[in-house]
Amino acid sequence: MVTKRLITGVLASLLMVGACSDDSDPPTNPNNANNTNNNNSNNSNNTTGTNGSNNMDDMGPDMDEEGINIPGLSAPVEVRRDENGMMHIQCASDSDCFAAQGYVHAMDRFAQMDLRRRIARGRVAEIAGNLALSVDEGYRTRFMSRDGEYLEEAFYDRMSPESKAVVDAYTVGVNAWLDDMRNERNGARLSEEYDFPFLTTDVIPDWEPQDTAACALLLMDDLSNSSGVDLRQATYTEDLEADVIYEVLGQISATGNSTLIDLPYTGQNLLTQLPDLQAFRRAIERVRPTTGLIRKAQDRLAPSDVFRQQDGFGSNNWVINGSTSATGKAMLANDPHLGLTNPALWYLVSLDTKTQGGDLRVAGVSFAGIPSILIGQNDNIAWGATVVFYDMADIYVESLDETGTKVNFDGGQVDIIEVEHTYQIANADPVTRTIRVVPHHGPVIEYDAANSEALTLRWTGHEVSSDFDAFFGLAKAENIDDAKAALLNARSTNQNFVVIDTEDNIAWFPYSLVPLRPWASLENPTWMPLDGTGGFEWEGFMDYEDLPQLVNPERGHIITANQDATGSLSDGDPTNNGHNMLQSFPAPGYRHQRIVDLIAGESLTAEDMVSAQGDDYLFYGRAIADAVENLTSTALVDFNEDELRVLNALRAWDGTCPTGLSSSDPDSDASADADEVANAVGCTVSHKLLYHLADSIFGDELKTVPASRAYAAVYIQMITPERFTRSYWDDVSTEETVEEPLEIVLRAITATAASLKQELTTDTDAWIWGRLHVVSFAADLLSNITSDFNNGPFAAPGGLWAVNVSNPSNIRDGNYSFGAGPSMRLVVENTEDGLKGQISFPGGQSHFRDSEYYDNLVEGWLNNEPIALPLLAEDIAEVTVETMTLTAPE
């Protein structure tokens with residue numbers, strides 16, 4: 001799972017506006033907190049909550065004489081909190097377990113759940129007022145089915161009976177906590193964000209099953225809706241040449257390796273086939289006239305954070321079998337890189353009915369708002385996930401008739417579905433807007449009747465999915481065959497699922513809906529807007545047996561790191577490989593190559609797996625530094641003192657990126673280890689040099705496009721330039737001069753020295769990586785108004801495209817902080833005593849600052865020191881510190 005900014009990114013632009021508000025009076029309640037969906041009846045049980053910080057001594061609730069009751073429980077449920085804050089739920093039935101999970105999710109994380117459902121259902125304005133309306137409009141529009149239904153309602157209505165039962169039980173548990181909170185029972189209360197005067201939050205609606213569906217849609221949208229990439233790539237056509245868009249801003253893989261075929265890196269295992277760019281040039285000419293409409297769509301959708309590719313992103317997972325492990329047994333590692341928020345994205349929990357005779361026992365990470373475990377292990381299997389980057393969305397340019405109520409399609413006309421939707425707004429009258437949907441494509445994201453054109457979004461998430469069944473199936477799977485059967489239900493998660501079982505089998509099942517597009521080509525690229533009048537329609541979806549996959553490969557391991565899965569992007573063209581087009585804009589491959597190198601040997605241990613997850617070596621950065629040194633080492637150049645400081649730092653750098661500090665405090669003393677400090681300084685220099693190389697090599701071709709978009713292209717230009725159809729060393733802005741590589745690299749060195757001197761002085765103590773490369777866990781809500789609810793900053797190792805990825809925010813401007821990275825790190829090994837897991841976690845379980853479980857796991861996450869992931873009842877009993885019992889009301 002990638003990445004990324006799921007909640008804080010959504011509200012960044014929203015709350016920036018809020019910070020400028022001149023409304024100094026505390027907001028009052030809206031007249032009606034319900035969303036007036038035409039076909040949606042919200043629960044009317046909206047009552048006032050109690051706010052304030054949680055001062056709980058025990059696990060959260062106070063055990064008063066009334067006890068904790070959840071309607072419908074078949075038997076008492078025992079909930080244990082262990083010494084790390086993880087919750088363990090033991091129950092008599094699946095339904096009881098999921099109801100209890102709903103209760104504990106709400107108990108520790110209700111603010112997070114509440115925000116997630118409001119964003120996905122277009123209801124943030126109910127608490128934030130008019131400034132949130134654009135967020136609500138964006139999400140409410142995207143989450144419409146192609147039939148004009150509210151997508152979360154269609155999702156829930158069409159769930160299997162088994163999934164509905166799970167979601168219904170979970171809903172009962174959440175509402176039991178809400179009832180306790182409203183009646184001030186059992187210590188149930190809202191976290192302190194609800195007291196913030198900017199928000200109107202004293203009316204909290206009941207949880208609905210559709211809220212859980214909405215939370216799932218929010219996650220799937222972030223993982224598989226790549227339409228933002230289509231829009232972004234199209235805007236490049238305004239000013240840039242087709243060759244530059246294809247090569248510098250395109251998707252040529254860096255190393256030539258893939259999940260199907262991975263080799264130790266030699267620099268020679270690269271395909272050198274060059275694309276025919278003439279067809280792509282024709283595509284650019286077709287797209288260019290639409291950029292005005294596309295810019296409007298980008299502006300409209302920006303507040304609602306349509307999926308956008310970051311500069312450097314990623315997640316890692318890999319599995320090894322007994323042929324490469326020290327014990328002769330299988331192991332799994334997974335670290336999905338997503339937004340680093342406060343509270344943390346995930347919630348640790350185990351669910352157990354087996355102890356009482358059932359068939360469920362599973363532990364791992366859950367997503368507050370959704371029942372079950374999304375990544376983890378049971379008694380028999382363990383699984384992990386990273387984003388595949390299948391192309392699962394398209395943007396269509398629609399031609400409207402003269403009335404603006406129909407689209408021209410396939411020689412005829414099709415009526416646009418119009419849905420009148422009313423948004424409730426705190427401190428303001430409700431607002432009704434028209435949401436338009438083109439039945440054969442999807443919701444209209446930009447509408448220009450005056451010019452008879454519109455943009456629509458088609459996304460696999462609109463198909464209404466069975467993804468819940470996939471995760472519930474994994475929770476009970478007994479071997480990789482069961483896991484495969486469960487994952488046949490995956491539709492819009494866009495995940496590389498890797499699995500091990502207790503028989504030491506390993507497998508990779510990247511199952512999702514991948515549209516069949518036989519027309520896809522460089523002339524008709526799916527990663528740019530398409531003509532909506534016909535000829536570019538999806539012709540169904542790939543059969544899952546035709547998707548890439550592996551079971552027990554001879555090499556003994558499987559690695560995914562969001563990179564090219566099949567080798568199709570060695571030339572940057574995913575359409576010319578003799579099979580249906582699969583991916584667009586996956587990761588360039590540096591992390592994947594480093595992992596290949598790290599696990600290339602034999603006798604690997606669980607400790608080796610953990611160490612690899614925390615690896616802070618920059619495969620990419622060290623290769624660039626070597627190329628720079630090779631160019632400059634024999635050059636007859638009189639470097640000044642500042643430039644020599646940069647070059648000497650690079651020469652002393654071994655490619656790793658430690659903090660170079662004595663603690664996680666960015667202001668702490670430098671480490672006593674001189675080599676660590678030297679590497680921390682060299683890491684800083686390498687990042688700054690990378691930006692200036694990108695700017696010096698490609699800035700002339702990119703014009704107004706940020707040079708950071710060309711980071712991957714720097715590697716190709718400097719290491720394997722034959723993979724480009726032209727050289728980019730020449731500065732095209734200088735007439736009658738053809739620059740050589742050395743001249744451009746010298747420019748970058750001079751600029752790097754000047755930037756570091758200006759930003760950080762010449763004292764290299766200020767250049768130590770940990771002083772600059774920091775993470776603050778941003779509050780889901782309010783982080784752009786105040787830092788009071790954030791947690792940090794903390795100095796952290798890692799860097800751009802390291803395995804321990806933590807990509808700096810804005811190297812150009814000297815901002816090396818990061819907000820996305822390993823949202824957890826999981827390692828599971830098969831042992832003689834069964835599967836044993838360990839996990840590190842960037843935060844704590846409870847979202848109450850007075851709780852000892854608020855951020856107790858942060859230091860372990862920073863230092864890559866995992867905790868045990870207890871699964872069996874006897875192991876849980878040994879680490880239990882608090883227990884509570886949930887019962888049905890008498």
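One-based numbering along the chain as shown.
Using N, Cα and C of the backbone, Cβ positions are placed for all residues, glycine too.
According to TrEMBL, the active site, nucleophile annotation covers S315. Other Cβ atoms within 10 Å of the Cβ of S315 (active site, nucleophile), summed over all protein chains shown, number 28.
The Ca(2+) binding site annotation in TrEMBL covers D391, D394. D391 (Ca(2+) binding site) falls within neither a helix nor a strand when secondary structure is assigned with DSSP, and so counts as coil. Counting only residues at least six positions away in the same chain, the Cβ atoms of S226, V514, P515, T526, W527, P574, M581, L582, Q583, S584 sit under 8 Å from the Cβ of D391 (Ca(2+) binding site).
Sequence annotations record features per position, and here TrEMBL assigns compositional bias 'Low complexity' to 30-58.
What TrEMBL records for 22-68 is region 'Disordered'.
As annotated by TrEMBL, signal peptide applies to 1-21.
In sequence order, S227, D230, L457, R458, P515, T526, L530, F536, W538 make up the list of same-chain residues 6 or more apart from D394 (Ca(2+) binding site) whose Cβ falls under 8 Å from its Cβ.
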